[in-house]
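Colleague: What follows is a structure written as structure tokens; I'll ask about it next.
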Amino acid sequence: MALTPLVYWAQRHEEIYLRVELTDAQNIDVHVDENVLHFSAQGHGAKGQNEYKFSLEFLLPVKPQVSYKSTQRQVNITVHKIQRGWWEKLTVQERKPVFLAPDFDHGFEGKTFLGFSWIFVNMTVRLFIIGRDSLYDTFHTISDVMFFCQILASVEVLNAAFGVVKTGVIPTLIQMVGRNFILFIIFGSLEEMHHKPVVFFVFYLWSAIEIFRYPFYMLGCFNTEWKTLTWLRYTVWMPLYPLGVLAEAVAVIQSIPIFDESKLFSIPLTKVIGTSVSFSYFLYIYLVLMFLGLFINFHHLYKQRKRRFRTKKRKAN
């Protein structure tokens, strides 16, 4: 199995310089493909004589022409920027040693992916075997794993805040708060909602998005890309995310009369007034905020997708 060498980088306004710590490197292959630099060589590195490889997806577009010079102690690579300027960092997903140790973060992503995969497969199999009846007991069958996955997924906000994952903090926070509100408040606190078919659609749409997103992040941890998975990660959300928000809105609407009748989470007023403010008033406001959040996140995800594939489109033109 190929190992990853030690790589150092520096920059000028026009170029990026990489220094690969390999002694007596042979069979060197360096090329840039769709803004990703690929390197492979035989040599003596940090773990002895072996084959060494790595891939780097640059933060901004670079020219496909790349040059390198091999010395007895190292391999020096020069990459030319398309647009002159100073980069804040080298890669799209450059991991930083802050707050979360990489081993813990890999475990978080792997466990969350396995959880959502189990949910998706379980619900699919039950739907084919049991049929329509499986829609009515989704909560009792799936909820424990979904609670676990959503608690783990809350770490994403910290990852975004500390730069471990290249994504916006606000969109990630909106999604995390929105899902947890539906899961813990709407479904978790109302037993009457447990048998509603809308639970099936909410859980199914959530898991369908995540089974593509988390493997993409996991491969990114190892500087590896699978083009089909990348396309799916930046495309499947376009129909699934709005459908998921629509299913969440249906769940909120169905819960309003239950909150009105049960008086759960109602805010009591003074004895002089002798009444209380129903929690359903907050839910009406939440519905408006939900679709505002949909617009914000949809715009953010669309910009991500456009930025991800813009190099390919320029080459096609």
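Placement of Cβ uses the backbone N, Cα and C atoms for every residue, glycine included.
Grabbed the feature section from TrEMBL, which reads as follows:
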DOMAIN    2-91  domain 'CS'
TRANSMEM  113-130  transmembrane segment
TRANSMEM  142-162  transmembrane segment
TRANSMEM  169-187  transmembrane segment
TRANSMEM  199-219  transmembrane segment
TRANSMEM  240-259  transmembrane segment
TRANSMEM  279-302  transmembrane segment
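Tell me about the setting of these features in this model.
Modeller: Below 8 angstroms of C-beta separation, residues 138, 141-142, 145-146, 148-149, 152, 200, 203-204, 206-208, 210-211, 214-215, 218 of the same chain, each at least six residues beyond the ends of the transmembrane segment (113-130), sit close to that stretch.
Remote same-chain partners of the transmembrane segment (169-187), defined as residues 6 or more beyond its termini with a Cβ less than 8 Å from a stretch Cβ, comprise 139, 143, 146-147, 150, 153-154, 156-157, 160-161, 193-194, 199, 202, 206, 248, 251-252, 255, 265, 286, 290, 293, 296-297, 300-301.
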Colleague: Please give the sequence-distant neighbours of the transmembrane segment (240-259): residues at least 6 beyond its ends with Cβ less than 8 Å from one of its Cβ atoms.
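Modeller: For the transmembrane segment (240-259), the sequence-distant neighbours (Cβ-Cβ under 8 Å, at least 6 residues beyond its ends) are 178, 182, 186-187, 190, 192-193, 196, 198-199, 201-202, 205-206, 208-209, 265-266, 278-280, 283-284, 286-287, 290-291, 293-294, 297-298, 301.
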Colleague: How does the model score the domain 'CS' (2-91) in terms of mean pLDDT?
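Modeller: Averaged over the domain 'CS' (2-91), the predicted model reaches a pLDDT of 89.
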Colleague: How many helix, strand and coil residues does the domain 'CS' (2-91) contain under DSSP?
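Modeller: The counts are 0 helix, 61 strand, 29 coil.
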